[in-house]
Amino acid sequence: MDVRQSIHGAHAKTLDTQGLRNEFLVEKVFVADEYTMVYSHIDRIIVGGIMPITKTVSVGGEVGKQLGVSYFLERRELGVINIGGAGTITVDGQCYEIGHRDALYVGKGAKEVVFASIDTATPAKFYYNCAPAHTTYPTKKVTPDEVSPVTLGDNLTSNRRTINKYFVPDVLETCQLSMGLTELAPGNLWNTMPCHTHERRMEVYFYFNMDDDACVFHMMGQPQETRHIVMHNEQAVISPSWSIHSGVGTKAYTFIWGMVGENQVFNDMDHVAVKDLR
């Protein structure tokens, strides 16, 4: 488990390139036949990836001491979106087939969660967010047909994109976790511009669907003290509540967003005009 401390905005603005990457970038999300796990003290979110190829993968009691529990989801809820080939997630003996861009919400209290790929030639890539939970909501599969798509932006401003809301109150109940997938239209490069912060929630972005020769300049920092982190395919970045979170790519890309915090009101944002950015 890679543990990241909370950080004040006044401290963050003093960091150099490597300092910013050390604090906020999750450089390696998928490792064959293993799970990766980054624990952030910012709202205590856990993010990572699971890519089973030759064997099943599960999170065992080895994390219990670090989390102060007997098993991973004793006091947590889990959201998973599969960006790879078809796979299965077995929750306490109940098997769910999770295809490409299918998702699974797993409620607090699930003791055994086992991940597997159906075809080792095209393994599943399960990206997950995990947050503290106060009660148990039912485990539920969500398919792309069930999400709430919203198309925003314009080709003229290079920010036309479709936001697919997987785990939001209109689709299913969770304690605090919200997740979704945003896909830029071909030829569009910007996400979340004009940008915003939200003091009541933190957020994690996971960028993917990027060619090897492409990158995204992820914009972060306080609106009057902006910085950037260069992101490559299948990397994630932590965004504190005081930070903007936007990006511009060398080509179109897709990203998964996950939020935890005070509420689940998607439009509860503190908007920042482009003219006010520094």
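Keep in mind that glycine also has a Cβ here, set from the backbone N, Cα and C atoms.
If you look up Swiss-Prot, you'll see H196, H198, E203, H245 marked as Zn(2+) binding site, on the strength of sequence analysis. Spatially close to E203 (Zn(2+) binding site) yet at least six residues away along the chain are S239, H245, W257, G258, M259, judged by Cβ distances under 8 angstroms.
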(message) Among the binding-site residues H196, H198, H245, which residue has the fewest other Cβ atoms within 10 Å of its own Cβ?
(response) H196
(message) Can you name every residue in this chain, apart from H196, H198, E203, H245, with its Cβ inside 8 Å of the center of the Cβ atoms of the recorded Zn(2+) site?
(response) T192, C195, T197, R201, S239, S241, S243, I244, M259, M269
(message) So, three-state DSSP: helix, strand or coil for H196 (Zn(2+) binding site)?
(response) strand
